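Asks: What follows is a single structure, and I will ask about it in a moment.
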Amino acid sequence: MLSVARRAVLGQARGALARPAFTTSPCSLQRLLSSLAVLEQRDGKLNAGSLSAVTAAKKLGGSIHAIVAGASARGAAEEAAKVEGLEKVLVVESSAYEKGLPENYAPLLVENIKKGGYTHVFAGHTAFGKSVMPRVAALIDSQQISDITAIESEDTFVRPIYAGNAIATVQSTDPVKVITIRGTAFSSADSAPSSGSATVEDGADPKADSLSEWVSEDLAKSDRPDLATAGRVVSGGRGLKSKQDFDKIMLPLADALGAAVGASRAAVDSGYADNSLQVGQTGKVVAPQLYMAVGISGAIQHLAGMKDSKVIAAINKDPEAPIFQVADVGLVGDLFDKVPELTEKLKESS
Amino acid sequence: MSGLRILVPIKRVIDYAVKPRVNKAQTGVELAGVKHSMNPFDELSVEEAVRLRERKAGPAGVEDICVISAGPAKAQETLRTAMAMGADRAVHVETAEDAPALEPLSVAKLLKRAAEDHKSNLVILGKQSIDDDSAQTGPMLAALLGWPQATQASKVEVGSDGSVSVTCEVDGGVETVRARLPMVVTTDLRLNEPRYASLPNIMKAKKKPLEKKALADYGVSAESRLKVVKVTEPPPRQGGGKVEDVGGLVAKLKELGAL
């Protein structure tokens with residue numbers, strides 16, 4: 001309620017700026033909201049998922065700028081400039097920021113936050129956001145608010161704690177709010193590049209020395225949709241028994257559904273699937289239209305990562321498995337029979 | 001260069017297998033009478049410190065492993081567990097029994113002073129605590145100390161020249177970064193498999209030094225920047241029942257609009 005009132009006042013204040021005839025005093029506000037959305041890029045390509053930060057900033061209201069940095073970040077900046085609602089995109093082109101090393105990326109953000117006088121800084125609760133944003137927050141002496149799922153007002157936010165078993169509403173007293181957001185709660189779909197026309201400007205570059213160096217990376221190659229943003233996810237657990245069976249059973253099902261592949265911790269620890277596919281409290285949090293859990297019992301740490309899915313389906317041979325308590329539709333049976341049958345049926349009907 | 005002086009911050013949290021319940025007043029989670037244990041990621045940190053000693057890593061092996069925890073009196077049990085796993089000594093920063101847990105920024109400020117006091121050159125923390133799920137303390141500490149950081153480590157190698165290579169779990173795979181000591185590392189699940197403390201080691205741990213400190217000794221206050229307005233249960237999810245066969249599954253998914 002507070003948020004609605006405040007936004008209404010803000011809306012009027014902004015209207016007043018445009019049309020001086022409307023005399024709501026902007027002075028009644030402490031200061032106008034202005035957000036900085038931190039966008040991720042790779043090789044000059046914008047990471048579309050990171051636009052969730054813009055979606056979150058839009059929900060807050062006020063002016064929104066974005067920042068993107070990297071060796072050839074200008075391309076990503078041009079792409080971002082088309083996003084509806086963005087006023088300005090700051091770009092810092094330097095190879096020093098290409099890999100997002102927190103030791104120099106954090107000072108870069110701090111410099112631009114100070115220069116721009118932003119009240120809110122948003123980034124995704126991704127590996128990048130988790131490593132860079134707390135460093136930024138400490139440098140400006142702000143207690144970060146992690147992994148928010150909703151914005152109640154300019155200083156009040158909602159975030160899940162205890163693996164999603166409790167939902168906390170917290171109010172920040174810091175002048176600059178440093179916030180990481182849960183991507184699935186702020187879908188980037190409505191902020192996808194469209195007709196926006198933000199200006200692209202050079203951001204400040206403090207040229208801080210990096211204390212660390214990037215050595216190498218080993219990313220899982222896949223033509224399937226990205227797990228974090230996929231509309232459908234099929235996930236396998238310990239019940240798959242081996243990596244061969246995981247690949248033989250789960251991959252055709254994923255392809256028949258056009259789904260991303262996920263896994264439980266048990267499946268990852270046993271080597272059936274790559275670490276980056278883990279869904280849960282310590283892995284990825286997903287909220288697709290359809291989540292199909294195969295051979296997954298449904299431990300609370302796993303549920304933390306998928307219970308906001310629109311529809312949950314479960315196939316498990318144990319009728320008592322906790323997964324059936326949250327599944328919209330459950331099938332008790334041997335996954336080695338049921339899944340191939342399902343894959344065939346899906347292929348026929350498509 | 002001297003040997004590794006490792007500081008391992010640990011936190012006592014509700015055991016991972018317990019399903020937390022929100023209290024009646026909606027101010028937090030019911031903590032009384034609930035099984036607590038060491039945050040699982042902190043067990044990995046302690047284990048990694050002990051393994052670095054066992055493989056004589058670093059310029060001159062491991063000189064010291066100090067575990068530290070801020071919390072009520074019972075945090076001492078957690079510190080004893082860490083010492084039974086192989087830590088040399090412990091520091092307990094006692095907070096009031098009913099005080100809310102310190103915020104990550106306060107903990108980072110406390111740890112900065114502790115790292116300086118103990119002349120630490122490597123701090124190993126868990127990537128997040130499973131109660132607050134913030135994932136902030138490690139990078140915040142690195143920022144305050146001005147040290148390099150590596151988060152979500154699945155492999156840590158300390159060279160004899162004081163260089164540290166860390167393989168980090170990132171979205172889509174792993175990446176490797178390198179830095180020089182002193183450094184902050186946060187641990188991820190795949191880093192190691194924590195050992196169980198043996199009975200003789202549990203007995204020995206009772207004799208290891210445990211120093212008691214207060215927040216004031218570190219110039220930190222218990223004040224919170226984030227005020228908890230309320231804590232609620234998430235909306236319950238109702239299971240939708242079971243179907244007999246694959247045909248039923250497909251039909252139900254179509255009915256639900258998922259196919």
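For all residues, glycine too, the Cβ spot is worked out from N, Cα and C.
If you look up TrEMBL, you'll see A:Arg238, A:264-265, A:278-282, A:295-302, A:Asn316 marked as FAD binding site. What TrEMBL records for A:187-198 is compositional bias 'Low complexity'. Residues annotated as domain 'Electron transfer flavoprotein alpha/beta-subunit N-terminal' in TrEMBL: A:35-218. Taken from TrEMBL, the feature region 'Disordered' applies to A:187-208.
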Asks: Near chain B: which of the binding-site residues A:Arg238, A:Gln281, A:Ile296, A:His302 have their Cβ closer than 8 Å to one of its Cβ atoms?
Replies: A:Gln281
Asks: DSSP secondary structure for A:Gln278 (FAD binding site), reduced to helix/strand/coil, please.
Replies: strand
Asks: Among the binding-site residues listed here, A:Arg238, A:His302, whose Cβ has the fewest other Cβ atoms inside 10 Å?
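Replies: If we count Cβ atoms within 10 Å for the binding-site residues A:Arg238, A:His302, the smallest count is at A:Arg238.
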Asks: Sort out the sequence-distant neighbours of A:Gln281 (FAD binding site) for me: same chain, 6+ apart, CB within less than 8 Å of its CB, listed by position.
Replies: A:Ala163, A:Gly164, A:Ile300, A:Gln301, A:His302, A:Ala304, A:Gly305
Asks: Have a look at the binding-site residues (A:Ile296, A:Ala299) and report the one with the fewest Cβ neighbours inside 10 Å.
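Replies: Sparsest of the binding-site residues A:Ile296, A:Ala299 by Cβ contacts within 10 Å: A:Ala299.
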Asks: Taking every residue in the domain 'Electron transfer flavoprotein alpha/beta-subunit N-terminal' (A:35-218), what is their average pLDDT?
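Replies: Averaging the confidence scores along the domain 'Electron transfer flavoprotein alpha/beta-subunit N-terminal' (A:35-218) gives 94.
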Asks: In sequence order, what residues of the same chain, 6+ apart, have a Cβ less than 8 Å from the Cβ of A:Gln278 (FAD binding site)?
Replies: A:Gly262, A:Ala263, A:Ser264, A:Arg265, A:Val268, A:Lys284, A:Gly305
Asks: For A:His302 (FAD binding site), which of the three DSSP-derived states applies: helix, strand, or coil?
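Replies: Helix, per DSSP.
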